[in-house]
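Asks: First the structure, then my questions, so here it is.
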Amino acid sequence: RFIAKPCAINLGIQDSGPHRAQPNAILEKVFTSITKSPDGKRLEGLSKQLDWDVRKIQRWFRQRRNQDKPTTLTKFCESMWRFTFYLSIFFYGIRFLWTAPWFWDTRQCWYNYPFQPLTSRLYYYYILELAFYWSLMFSQFTDIKRKDFLIMFVHHLATIGLITFSYMNNMVRVGTLVLCLHDASDFLLEAAKLANYAKYQRVCDAFFMLFGVVFIVTRLGIYPFWILNTTLFESWELIGPYPSWWLFNGLLVTLQVLHIIWSYLIIRTASKALVRGKVSKDDRSDVESSSEEEDVTPNSTKGVFSTSSNGSNRLNGHVAGGQWTGE
């Protein structure tokens, strides 16, 4: 409120939403009581009832849906908050782990287990991360529902489960490695989104590409060959198959499956960006283009459209702004 909003205003981001739909009692009743996305048969019926063109009715529903979505200013402030948290917690974790012996030798995670001291810095690191992911879990139900809602829900559940479970079982050493590794790329993503909202396209593209590289290196390289290696093999060698070994590693492997899915989506978005010259629309956009409604009509055509002014597209929050080819 006191930092992000003034920054957004100085960057020229206006606190204005999309174009509001024309007041219409019949369409409003259909929108609130029946469906927010009417099919072709219902559109034809409404067209005859109102003596409106089908495309005009499609446009009305699109505008009505968009007017309930947050403005670019709201999204900028949210992204700036997340950027601040991710950046701060990442550097806090790096500073804390740099002097920790298990950061350089993962076998140290299991020496003298479970009789390992819990320092105050380690405790606060865990509590901050747990509180933040609980906030993401709750806010997911109040935010706009996106196409990867289920994947994100599973991710938050697995993350909260891992943080809580590792804390209860005093597996905090390996837990800090997992947390720091996941924070390494998140602040780059939020920086890309901030640049996108401010319409700095080249800066946005640069941050997104850097985010993609860091994400793939950490989640497909370091995570399986460093983290999973110590939890699956080194722990088995040093302390044996402890009772919670299967559950703990099951949650870690679940995260790895999600990493593979998201890496595929990032690579696909980045490849489109290289072809088109900018980060393009992804598959889980929360911004609707007029073409998305009009493609159900028999006279729809192909063309290039710009994203609407009330926000940007996201891919697991992955930013994607600019023009895109719609069908």
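For all residues, glycine too, the Cβ spot is worked out from N, Cα and C.
Checked TrEMBL, it gives:
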DNA_BIND  29-72  DNA-binding region
COMPBIAS  297-315  compositional bias 'Polar residues'
DOMAIN    27-71  domain 'Homeobox'
DOMAIN    74-275  domain 'TLC'
REGION    283-327  region 'Disordered'
TRANSMEM  83-103  transmembrane segment
TRANSMEM  123-142  transmembrane segment
TRANSMEM  207-226  transmembrane segment
TRANSMEM  246-267  transmembrane segment
Asks: Counting each residue once, how many in the domain 'Homeobox' (27-71) are helix, strand and coil under DSSP?
Replies: 31 helix, 0 strand, 14 coil
Asks: Can you check how the pLDDT averages out over the DNA-binding region (29-72)?
Replies: 81
